[in-house]
Amino acid sequence: MSDLLDDEFYEEEFENDLLDASEFEDEFDEDAEIDDDGFTVERKRRRAHSVSYRVVSVRDLRASLNEKINQLTSIIDLTREQVLGLYRYFKWNRERLLERYIDAPEESLQKAGVGLSGSKQREVVHHEGTCEICYDEGCLPFFSAECDHEFCLACYRQYLDSRISEGESVIQCPEESCTQIVSIQSITKVLDEKSLDRYHRLLDRSFVDDNDHLRWCPAPDCEFAIECHVTQASLSSVVPTVTCNCGKQFCFGCGHDNHQPTICPLVKIWLQKCQDDSETANWIHANTKECPKCSTTIEKNGGCNHMTCKKCKYEFCWVCLGPWTEHGNNWYTCNRYEEKSSTSARDSQSKSRASLERYLHYYNRFANHEQSAKLDHELYEHTHKRMTQMQVDSNLSWVEVQFLKNAVDILFQCRQTLKWTYAFAYYLARNNQTEIFEDNQRDLELAVENLSELCERPCQDCSLSVFKQRVLDKTVYVRSRRDVLLDDTARGLAEGRWEYVVDV
């Protein structure tokens, strides 16, 4: 990236290093074409719950960036620095850039901080003067960007280093009132090699961060990005799950781990609810009741059944929830369970408790599959040892015992899917579509438990070949049940069949 704006760098041809990471999907190659961002995109027939995406390397990102700048400089008479500044200001939206620039070229350049021509080469010069930052005087090395605001070289370098350390890739002139962006050529003249390398990595990141169709893989130390053209507006009808070359699977829309079949808006609501409710929900359910008048949660801290709500001062009976005025002097016993006022209060509380019990039903199953998925991760180590032992006990090669690891892989995927089916089901309105969804959910859950049990128990009751065939058959079946559930849910999202109890 150090030669980002050199002509030779722009003209250099890169091999197509785009790698397909959709190894978990059944797909068929068709003709390839070039998209608007310069990436090679292969059109494929995919499952209903899959989306088109590409994994791109830093090398490809830089090639695409250079190509975009080259294309625009051939249309409008600007330097590469100015085109780069415009692109970054308009978030790499070519159409919006051209529209605004054609309508108001000078204003667009000024807002982008590249209004001044960058054709003049900036050099460090020595002369008598005073630095306006440190106020050193004498014959000093001075430097200025395209705006000609001059400061001593040491201060300029320190200023750039501090901005880069703060993660900034668009750096304005040190002059307080100046909006001019310091060009890449100018920064190259001032910084040492180590600082320049950090700056160029920031440029790479900004290209992805500012582009709606690109997202960095969230895996630690992974340098791949994902290119996907699913828009934010469509996230209520599609779950754009992608898989990086490093193996990380995540949602392109929100960046969370794969949460199919639940759409991103529901994921956000569910996670917030879990954070707010789950830690205390069980305790509340067991130890508290709600005021029949204002519904404030109340904990009983003594033996007396005469309760007074601290919030609204309403007096009621802890046992039957009726007004205390109807209880006379029977402070520690209650025989008025069938009174109309008590029944009404209990009905109100019953609805509230039913809502809490419904939430706990879905949350407990959500949490159970999350815990099971973590245990399946531990199963990998056990599986590796078991695969090694299989080779010792038979004449199978390492490739031939991969069926066991593949089974654990699909188990983990299905646990993740099942976990999120409960979040999705919690927000579904009850109708025929919900019944079908729960049938598919039940079938997948049963298939997963059968495969999990088979993988964990020793194969003492049958030969290795029979055991292998059983695992292969159940793995295929589990994968097919997952596809059925996800495909049906995805089609329902696309067709608008799902109805929710919350607004999304």
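Just so you know, the numbers here start at 1 and follow the chain as drawn.
Here the Cβ of each residue, glycine as well, is placed from N, Cα and C on the backbone.
As a whole-number mean, the pLDDT of the region 'TRIAD supradomain' (127-338) in this prediction is 85. Per Swiss-Prot, region 'TRIAD supradomain' is recorded for 127-338.
Swiss-Prot lists 131-178 (among others) with the feature zinc finger, giving sequence analysis as the kind of evidence.
In this view, Cys134 (Zn(2+) 1 binding site) is surrounded by 13 other Cβ atoms within 10 Å of its Cβ, with every protein chain counted. Taken from Swiss-Prot, the feature Zn(2+) 1 binding site covers Cys131, Cys134, Cys152, Cys155.
The zinc finger feature in Swiss-Prot is assigned to 197-264 (among others); the stated evidence is sequence analysis.
Spatially close to Cys222 (Zn(2+) 3 binding site) yet at least six residues away along the chain are Trp216, Cys244, Cys246, Lys248, judged by Cβ distances under 8 angstroms. Marked as Zn(2+) 3 binding site by Swiss-Prot: Cys217, Cys222, Cys244, Cys246.
The Zn(2+) 4 binding site annotation in Swiss-Prot covers Cys251, Cys254, His259, Cys264 and rests on sequence analysis. Secondary structure from DSSP puts His259 (Zn(2+) 4 binding site) in coil. Around the Cβ of His259 (Zn(2+) 4 binding site), the same chain contributes Val239, Cys251, Val267, Gln416, Trp420, Ala423, each under 8 angstroms and 6 or more positions distant in sequence.
What Swiss-Prot records for 291-320 (among others) is zinc finger, and it gives sequence analysis as the kind of evidence.
In the three-state DSSP scheme, Cys304 (active site) falls into the coil class. According to Swiss-Prot, the feature active site maps to Cys304, an assignment based on sequence analysis.
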Rounded Cα-Cα span from Cys264 (Zn(2+) 4 binding site) to Cys155 (Zn(2+) 1 binding site), Å: 46
Neighbours of Cys131, Cys134, Cys152, Cys155 excl. site residues, C-beta within 8 Å of centre, Zn(2+) 1: Glu132, Ile133, Tyr135, Asp136, Leu140, Phe151, Leu153, Ala154, Tyr156
Per-state residue totals over the zinc finger (131-178) - DSSP helix, strand, coil: 13 helix, 12 strand, 23 coil
Residue with minimal Cβ packing [other Cβ atoms within 10 Å] among the recorded positions Cys131, Cys152, Cys251, Cys254, Cys304: Cys304
Residue from Cys217, Cys254, Cys264, Cys304 whose C-alpha is spatially nearest that of Cys134 (Zn(2+) 1 binding site), among the recorded positions: Cys217
Cα distance (Å, whole number) from Cys264 (Zn(2+) 4 binding site) to Cys304 (active site): 48
Candidate nearest Cys254 (Zn(2+) 4 binding site) in space, where candidates are the binding-site residues Cys131, Cys152, Cys217 and distance is Cα-Cα: Cys217
